[in-house]
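Colleague: From Swiss-Prot, for reference:
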REGION    1-21  region 'Disordered'
DOMAIN    109-321  domain 'Adrift-type SAM-dependent 2'-O-MTase'
ACT_SITE  LYS117  active site
BINDING   GLY143, TRP164, ASP234  S-adenosyl-L-methionine binding site
ACT_SITE  ASP234  active site
ACT_SITE  LYS274  active site, proton acceptor
Amino acid sequence: MSFRSSPQGKPHPMTDYQSIRPSEVEQLFEKKFHYQKPKGNKSWQLPPPDQALFSEFYQFEALQGLREQLNAVKSKLNDYGVQEWSAHTNRRDPSGEVSWRLKNDTKAEFVTVAWCKLFECLHRYPLVTKPAVNSMHLCEAPGAFIASLNHYLHSKYEKDEIKWRWRSTTLNPYYEGNAINQMISDDRFIVHTLDNWFFHKDLTGNLLDVANIDHLVERCEVEFQGQVDLVTADGSIDCAAQPDCQEEIVVRLFFAEVLSALRILSSGGNFLVKMFTLFEACSVSLLYTLNCIFEEVHIFKPATSKRGNSEVYVICLNYNKDHPDLPRLLEEIKSKLAQPNDTLVMPLFAKFQIPHDFLMQHEIACRMYMKLQTDAIEGSIYAYESNDRHYLRHLHHLRSLVANTYYSLYKVKPLEDSLCIVDKEATSKALGFQVPVYGGSYTERESLKHGDLLKQIYCLRREFNQLEKCLNNRTPYSYVKNRTAPLNLHISRGAPVQSLQSSMFASEPILILRLRILDTFELDPVWQSAPKCQLESKTLCYLPPTEDEAFHTAQQRFFIDLLEEVKKLKPDSIVFHKFLFLTHYAASLLLFLIESVYQDCCFNSNQAQTLTLSKLKDTANSALEQVLELLKDEQAGAIHSLLDIKELQKNQFSKALIQHNNSIVMTCFRSMLGEESFPMPVAPTSNSDVGSIQESAAVF
């Protein structure tokens, strides 16, 4: 039996489940749209200088009608559990076998769904037309576009022909001020290619800051001598909390990506940017802009893009950088982006400035992609509710056909290991543990958000219990000193971390639960352990920042005090009690103390949760003086780390530190979420009059 789509998008059985019409596979690979530009005097033009930009707010009624239709279908998913629904759509994804085969049969480098999608785009459009190419990749983490482009180049050209230089930027996973739920923290590719990544002067990697766009332009001028042939932009923002407002939420990011690309791309260059629904007038004006300054603009939804989501790739070919009206346009966009509170939902152009024939074509494109998405959602609902075994058999056959078509159409072949950018073993290591937490449906999450505190605590406890099952806290951990060369300082500076939002020195599920507890109780679990450092006769308490202080200020103050006391008292040992080293600043100072100041270190994973450094070195004083001088002078920018990132990541030291931090944070969770506990703020204590203080008992 085969299937055909009903008007509602539900598959109806026909006569033979095993027969699949060629059009069913073809439809997956042909979700394309090409804007047809008029020629001559009727060609689409940017508004002249005497016409204002961002001058009025309006919407297009027909497009808003399409938006309402799409949201009506998407709202049918409100009562499905997010994990359960995601697992269901993954099983139903007809392209699901493609990435599996690329990983396991072809053994391609760093395969993700993004890898598969870019590989399609490169084969379907002339984004790269010669073996000598300079490419810039925006919002690129974890790096799959780069690995995919490398595979494409080596599949199409001989090794000796290829002259490829690439650089990339993304939200910096090593900068603790970047929110963990707004960035990709997978650094398996990044850590081995750090010299190719721009995180800008503030180290955030945040393209929404126009100063970082300026820095990006400067760096590209130096690195590529102004010749950038290809720019890709794969950014997005999590819109799970407001699924009906995705387009408005991401519009600032789109403008930042487009502004960056148009400033760094060379004349004749190509641009690929991921977008979502295109119903809003601000998106219409952005697409019209791209059509005015590129020879060709296409919209493409790859076969490996999940059918039920809104993502599409806008592909722009042959950039006209010398367009006379372009500089004013870029300056206006930059000015708008420089205002953090400006949502940029105001359309770039007035309504009369957008030609009717462009709007007609744009509406056709929007209708097509909206219909594809609603059909996919309706089909998924039907499959979920019916549990039709014959349909599942049909789907299994379809997945195999789609994978075969992908391999045949794009001439997929394996590459020699020597042609990979990073050693495959390094990028194939597991990211960590996954926690099977029930996320609930959208309706349940909304109800919980506005529900009573006890329900929220119950959900947090349930998540904590799942975390405890996944973590093995009884495994001992240690750091064995085996360094043959001295530890070299390598100072990195950037914007001070205002609040601790992420860390590479604790497991991601733990950090996410910490943020949820913080949202619920408005108390930060990381301070609930009352961290302190014992220097034989003296104790230093690590105090949280005051209301008006940055997190960086608090950590800077503590570590300067600590190093001053070690220098003055020369204690033969120091003991950190329930002390979290979650930032590169703290971790680099710890490694400095271990390697340059003390001879021995011992992680104690029992209930005390201590870290002891002992046997003060004879050369400690000079090392301490050098580092103290650096810590006190931040005129050139706040210190992010004293050591090279590679000294602190993906090694025995980082593994021990992650286990140490995980153990302490879990203890804090246990105290805050226990049956008899209710969180209470820690009373601040001054270090000035502390000689020796007792363990704080009831801080919860």
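A Cβ is built for glycine as well, from the same backbone N, Cα and C atoms used for every other residue.
Distances, neighbours, how buried they are, the whole picture for these features please.
Modeller: Non-local contacts of LYS117 (active site) by the CB criterion (under 8 A, 6+ apart in sequence, same chain) comprise PRO302, THR304, SER305, TYR313.
Mapped onto three states, the DSSP output places TRP164 (S-adenosyl-L-methionine binding site) in strand.
Using a 10 Å radius centred on the Cβ of ASP234 (S-adenosyl-L-methionine binding site) and all shown protein chains, the other Cβ atoms total 21.
Proximity of LYS274 (active site, proton acceptor) to non-local residues of its own chain (separation of 6 or more, Cβ distance below 8 Å) is seen for ALA233, ASP234, GLY235, SER236, GLU311, VAL312, TYR313, VAL314, given in sequence order. According to DSSP, LYS274 (active site, proton acceptor) sits within a strand segment.
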Colleague: On the three-state reduction of DSSP, what should I expect for LYS117 (active site)?
Modeller: helix
Colleague: Using a 10 Å radius around its CB, how many other CB atoms surround TRP164 (S-adenosyl-L-methionine binding site)?
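Modeller: Within a 10 Å radius of the Cβ of TRP164 (S-adenosyl-L-methionine binding site) lie 19 other Cβ atoms.
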Colleague: For GLY143 (S-adenosyl-L-methionine binding site), which residues in the same chain are close in space, meaning a Cβ under 8 Å from its Cβ, but six or more apart along the sequence?
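Modeller: When sequence neighbours closer than 6 are ignored, GLY143 (S-adenosyl-L-methionine binding site) has PHE110, SER168, PHE189, ILE190, THR193 within Cβ distance under 8 Å.
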Colleague: Need one number: mean pLDDT over the domain 'Adrift-type SAM-dependent 2'-O-MTase' (109-321).
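Modeller: The average pLDDT of the model in the domain 'Adrift-type SAM-dependent 2'-O-MTase' (109-321) works out to 95.
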